[in-house]
Amino acid sequence: MSELIKDIEILGQQEQPKEEQACETVRVSKTTSTGKSRKLYIESYGCQMNFSDSEIVTSIMEKEGFDTTSQFEEADVVFLNTCSIREKAEQTVRTRLSQFNSVKKSKPEMMIGVLGCMAERLKEKLLEEEKIVDLVVGPDAYRDLPNLVSKVDDGQKAVNTFLSKEETYADISPVRLNSNGVTAFISIMRGCDNMCSFCVVPFTRGRERSRSPHSIVKEAQELFDQGYKEVTLLGQNVDSYKWAEDLDENQKKAIEKSEAKDIVSFAKLLELVAEVSPELRVRFSTSHPKDITEDVLYAMKKHENICKYIHFPAQSGNTRVLKLMNRTYTREEYIDKIDSIRRILGDECGISSDMITGFCTETEEEHQETISLMEYVKYDFSYMFFYSERPGTLAEKKYEDDIPLEVKKRRLQEIISKQQELSHMRNQLDVGKVYKVLIEGYSKKSKDQLQGRNTANKVIVFDKKNYQKGQYANVLVTSCTGATLLGEIVE
Ligand code: SAH
Ligand code: SF4
Ligand code: F3S
């Protein structure tokens, strides 16, 4: 196992601030010393797709003669892989750039690059606004990094924000920065065609495209051969994964409109990955409520190693707001899908959501419908946000951002309290049950305890006995807190 795998450092996260529950994780490269001539520091923000992309970037840069470092002061090249999803995410990056400024004063040759969604959104403008930035690279242009870096070496500034219809980086073996050696991400698709009116992702990540099933299964097999026990298949909208082998573009378009059987759908892909080994767990994220099919649910039911957990973002519980959001489902249709999940996979399937409060024109009654949807579904967990208007999105163009910030925040606090109550209730239902847990490492508090997750994605902490990470253990849940289950191994 390489040092890099063990060395991922996570700053912040999970204990989310009350005001805005967000994916505020920052991930930082750690030190590798393989005698290469230059050092790269890479810091990643945003979603799992971005963390996964940083692994691809590191792979490309390693081949160009870079070791990685966890100390930006000692780096020759500093990359920030950025997120634009909410205004706050962009502010965080701006603040970070100003911190780099003082280091760059005493080390002017240090190259600073902005990668990812903010690079794509702002393009050349970023060079004007942030004078210390040398390099701006969008999410589909990472293969061009060697060329762009050498341009900066020659004293120029470099920008590539070309968005591709084909790029999936299928042939690049990611350097596993984000892993504990047990679990890993596999990107199966890129981009998003959904155009939710609040969301910047379709603009920063471009059109949806799927990676070949062959390259995905091969990557899962390689990970399993290296000792990994869990893969998470990643995409903004995994249920619209679609692949047809050996077809030209026109044929692919024709097939997209038909129900042809030779297409590899997401359900089929899940099965292919699950068949790598019964010892390899398979997870996936994110499912769009309009696209998830019963085939996916039946594939989950059929394979014990496909984890019974669905991240199923509702965004709102009110049909009028959902329509304004362009989510393309109603409250009733969402509830129908939840009922199908419960009917096919039972009550023990974990379900989580993303919710936005204070979207344009949302009334108190409509906000209450979000709360009543939460009560109906009884989510195990939710990521919750107040609406943040993003430049260039449909909502910014069409609707007024008219809910005062205090109201957005108060509503957010209300749904957070509701979720805490629901999480606690769902956790209490697990007390007394025995779960198969994949051990991911020591618990945060003690080296005498281990932690892992059950199939429903719940974290369980228990005394170590003679077990170690990477093993499966049967754990009896003996008690719980709001966020964690506590248990003991039963042999
Ligand atoms: N593809 C995923 C979501 C990716 S973005 C999906 O469709 O579910 C992650 C979450 O950020 C979204 O689900 C949404 O809840 C939140 N989000 C996106 N844009 C936002 C905005 N402008 N303001 C507040 N939250 C936003
Ligand atoms: Fe954004 Fe909607 Fe696409 Fe998710 S599905 S990334 S929320 S546009
Ligand atoms: Fe952020 Fe881009 Fe992901 S905007 S949430 S890093 S796709």
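For all residues, glycine too, the Cβ spot is worked out from N, Cα and C.
These figures come from a predicted structure and were not determined experimentally.
DSSP assigns CYS83 ([4Fe-4S] cluster 1 binding site) to coil, not to a helix or a strand. Neighbours of CYS83 ([4Fe-4S] cluster 1 binding site), defined as other CB atoms within 10 A of its CB across all chains, total 26. What TrEMBL records for CYS47, CYS83, CYS117 is [4Fe-4S] cluster 1 binding site.
The [4Fe-4S] cluster 2 binding site annotation in TrEMBL covers CYS192, CYS196, CYS199. Proximity of CYS199 ([4Fe-4S] cluster 2 binding site) to non-local residues of its own chain (separation of 6 or more, Cβ distance below 8 Å) is seen for ILE85, CYS192, ARG390, THR393, given in sequence order. Reduced to three states, the DSSP call for CYS199 ([4Fe-4S] cluster 2 binding site) is coil.
Marked as domain 'MTTase N-terminal' by TrEMBL: 38-154.
Residues or ranges marked as domain 'Radical SAM core' by TrEMBL: 178-426. In this model, the domain 'Radical SAM core' (178-426) carries an average pLDDT of 93.
Annotated domain 'TRAM' per TrEMBL: 428-491, in sequence order.
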Contacting binding-site residues, sequence order - CYS47, CYS117, CYS192, CYS196 vs ligand 2, Cβ under 6 Å: CYS192, CYS196
Non-site residues, in chain order, whose CB comes within 8 A of the mean position of the CB atoms of CYS192, CYS196, CYS199 at [4Fe-4S] cluster 2: ASN194, MET195, PHE198, VAL200, VAL201, PRO202, GLN236
Three-state composition of the domain 'MTTase N-terminal' (38-154), taking helix and strand from DSSP: 62 helix, 26 strand, 29 coil
Annotated binding-site residues CYS192, CYS196, CYS199, filtered by Cβ under 6 Å to ligand 3: none
Additional residues surrounding [4Fe-4S] cluster 1, by Cβ distance to the CYS47, CYS83, CYS117 centre under 8 Å: TYR45, GLY46, MET49, ASN50, THR82, SER84, ILE85, ALA89, GLY116, VAL201, THR204
